[in-house]
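Annotation source TrEMBL lists domain 'Luciferase-like' at 36-387. Feature annotation from TrEMBL assigns FMN binding site to Asp60, Thr106, His156, Tyr160, Ser231, Ser232. Annotated region 'Disordered' per TrEMBL: 442-478, in sequence order. Among the features that TrEMBL reports, compositional bias 'Low complexity' is placed at 453-478.
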Amino acid sequence: MPTCKPLLLNAFNMNCVGHINHGLWAHPRDRSIDYHSLDYWTGLARTLERGGFDGLFLADILGVYDVYQEGIELTLAESIQLPVNDPLLLVPAMAQVTEHLGFGVTVNLSYETPYSFARRFSTLDHLTRGRIGWNIVTGYLDSAARAMGLDGQLEHDRRYERAEEFMAVVYALWEGSWEDSAVLRDKAGRRFADGAKVHEIDHHGEFYRLRGYHLSEPSRQRTPVLYQAGSSGRGQAFAARHAECVFISLQDRAKARELVRSLRRQAVEAGRRADDLKIFLGATAIVADSDAEARERLAEYQRYANPEAGLAHFAASTGIDFSRFGLDEPIRRGNRNAIQSAVDNLTAAERAVTPRALLEQHALGGRYTPLVGSGATVADELARWVEEVDIDGFNLARTVVPECFDAFVDLVVPELRERGLVKRDYPLDAQGRPQSLRQRLFGAGDRLPQRHPAAAYRRSSAGASPSCSAAAAAPETL
Ligand SMILES: Cc1cc2nc3c(=O)[nH]c(=O)nc-3n(C[C@H](O)[C@H](O)[C@H](O)COP(=O)(O)O)c2cc1C
């Protein structure tokens, strides 16, 4: 049944060769080996803006996928997210060739200091004129912890506790250090900023200590649009409190609907609104002029895909070395210190999952069940997901680039526009400027709403004590 709710579109990519659908880098028309050239990224950004996409979501990883066969041989042979370059450095170039496209960029907070991290995102919010988002991740790879000089990662739930405190500190920097009226730019009076309105943040917590002023003046959005992707119990609680966009990957409609309900309910319990969360489903689409041609294209792509490489990726996500199981042996064990929701979905399935079943699921090299068909067929499928599962949109993974994005923009987007599901033009804000990412997603201004926990860190010009309001929200951390 068609839906009237407009849907949100993100392209899903990563600054590397093999991202989700592994093996396709070897396809003769694929250009992902050019990931280290700026043209590759500016070309993608232009295509997405032509197609009315809301954003480009960039995954990232620190560490290597060394769980499968206890090494990185296959990881290197198939370039499974290795090599991987820094995603943030791509943003200014793409922002320069676009006006509206948003950028949701993954940064693992576990290896960041809040002070310098907050400045990087403020800088990008300035340079993009309010189009930056941050995908908050805490990491799941022991290889990253070792590379950072640690013996191992913090335990799963402790990582989320540290993340809670990290958020308190960056909210204080972004929202509380500079008042809106602090910047004067008064050349005649020789006062760039008003010292009474720039405040030192003083934080003594369990994981972080900081005394200092935020280095950047307030940017359009102040706090970047916040994305989150963990779906464990602890991950959902974190998302319900902090996230504005949640990325889910469940491909089963009933399970996805349950997760969406649970996330929205918890957001309400946290004092927010159910639609304060925009929920994006990870999806792969294979599109051509007709359903039959799309099926042929799928078969052609599958000849280059590498299901075993997909398994090596999934092994790292779950911390389970699938190569240790017989092809038909049920997989029932996982250490639950990697992506806990991925382990639980796998090991708690009613029918035991085997490596053979996983290889079949990864026929296109990745875990997403591809939507295959003409533009109309795929548009109908996407609309059905939004209607039935109450999601808000999609993170569209790549297959063969750039043709997969071109095909989506040329064949699916016109169908979605015809159905009123995707805008024909990007709206402007009240001053006639391109909207900020947050304004486009939520239609309620550039800044976080008052009911979001970050708002407790704001200082009013009336002189309300910021540390008091911050302390009310997070007594032990400020
Ligand atoms: C769909 C999806 C995408 C994710 N993308 C990334 C990523 O790009 N980089 C990363 O370090 N972690 C990524 N993660 C990991 C989570 O964001 C999270 O930090 C962690 O694994 C805990 O998830 P859990 O709450 O489900 O256990 C992703 C997780 C999911 C479910």
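Just so it is clear, glycine is given a Cβ too, placed from its N, Cα and C backbone atoms.
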Recorded FMN binding residues, Asp60, Thr106, His156, Tyr160, Ser231, Ser232 - maximal Cα separation rounded to whole Å: 20
Local backbone state of Tyr160 (FMN binding site), from DSSP in three classes: helix
All-chain count of other Cβ atoms within 10 Å of Thr106 (FMN binding site): 21
Cβ neighbours within the same chain of Tyr160 (FMN binding site) - under 8 Å, at least six residues apart: Thr138, Gly230, Arg234, Gly235, Ala237, Phe238
Packing count at Ser231 (FMN binding site) (other Cβ atoms within 10 Å of its Cβ): 23
In three-state DSSP terms, the structure that Thr106 (FMN binding site) belongs to: strand
Assigned conformation of Ser232 (FMN binding site) - DSSP reduced to three states: coil
